[in-house]
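According to TrEMBL:
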TRANSMEM  35-55  transmembrane segment
TRANSMEM  67-91  transmembrane segment
TRANSMEM  127-146  transmembrane segment
TRANSMEM  158-178  transmembrane segment
TRANSMEM  190-211  transmembrane segment
TRANSMEM  231-250  transmembrane segment
TRANSMEM  262-286  transmembrane segment
TRANSMEM  306-337  transmembrane segment
TRANSMEM  358-377  transmembrane segment
TRANSMEM  389-406  transmembrane segment
TRANSMEM  418-439  transmembrane segment
TRANSMEM  445-465  transmembrane segment
């Protein structure tokens, strides 16, 4: 009776363990190229504009020390992210594989370093980001019900878990449903932030001196040490995180030569303008001291300005965070999919449900990790700092790969060729964002570095160890077969 099980396994045998093989997206095979330019823009904007703009103003203000320095951090963070996105446009059109940095590291430096990059992004950064977004959603949604006291213990975690479960279900059900969620909530969140910006602009135009209080002595109290400013950049850059997410699904993007750079330019410029103007608007109503004391600065803004209509702000925040968490889960599941396709994740994660045509096991695993971090987390800002040092080490490695490709692939077609000065500037900035926070807070930096190093024994046991006992492989095969039957998934490329 083993023939049916063997047939299931053989659908993955050809590809498991092979590195560098691309998924086709035509003829109904693999992940279809269904994302147009607007989908790409909304995907990046949807990933960037999420919890960051509602959490990070407090973190930036705390470390920057003044309104003026905070605004500089916001603008500089957007500019820095745009440089990185520009460099990534060259990588994305040179190495046209889904997986983003993981695919670039595989091509440049081989399977070990590629696995560490996969481990950093898929196991640490993405699930933590989804958890942070979900926690922010819960805090804002519960604030109107508990305006003068914290919500009961466990309430925030429960609501955040419900959001993660819902979005996991949407991404498991349909790619089109996930795209609809992204497009709808991206439009809604931009409208919400425009309302805040419009209110702030109106207040400034009235000429009432009280709305200018935060802008008097604008640089008073600015942080004097470079380490504190670098931590302010961590919070600011966290709000922009997502600028490179489209590179992770480039195989699903129509005409990437045109649409990838356009989507990056449009989305990064739009987000920088929106973030800077939103912070200016917040400062017209909320003083720096009030911002430091409030866990939900946008609701404080609404309570002061909208009165009985302040209840709309948690809804707007919900729109923003739902879209952001959806984008993280959507792109993260594709990263698992590509890693498994290269033989560095369980091959079950390469498989697609025949009815929904979604990478169902990868989506469910992403949701599971996000829930796990939710259980383990106790502080949003610590989570941000843990992930950021890991994140910027990985981004620096991608810039090294770009420069390496200039040497090893000098004649390869490059639809986009970035002037060499940009990746060098960006690489130096990434190095600074790693070294300076280590000097400022060695304990949190050590946690981040341990998360990276934890991938080494995993690689050694599951990938580097070639002569495993037969019982190990047999057990893994049985588990794969069981999950294939449970989720009704197959290796789509092997269907006839």
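Think of each number as a place in line: the chain as shown, counted from 1.
Any Cβ shown, glycine's included, is placed from N, Cα and C.
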Should anything in the same chain at least six residues away from the transmembrane segment (262-286) have a Cβ under 8 Å from its Cβ atoms, list it; otherwise answer none.
37, 40-41, 43-45, 48-49, 53, 57, 67, 70-71, 74-75, 78-79, 81-82, 85-86, 88-89, 190, 193-194, 196-197, 199-201, 203-204, 211-212, 214-215, 239-240, 243, 246, 294, 297-298, 300-301, 304-305
Could you pull out which residues elsewhere in the chain have a CB under 8 Å from any CB of the transmembrane segment (418-439), counting only those six or more residues past its ends?
80, 83-84, 86-87, 89-90, 226-227, 230-231, 233-234, 237, 385, 388-389, 392-393, 395-396, 399-400, 402-403, 406, 445
Do we see three or more Cβ pairs under 8 Å linking the transmembrane segment (35-55) and the transmembrane segment (306-337), pairs being at least 6 apart in sequence?
yes
Would you say the transmembrane segment (306-337) and the transmembrane segment (358-377) are touching, if the rule is that at least three C-beta pairs must lie under 8 angstroms and be 6 or more residues apart?
yes
Between the stretches 127-146, 190-211, 389-406, which wins on the count of C-beta pairs under 8 angstroms to the transmembrane segment (306-337)?
127-146
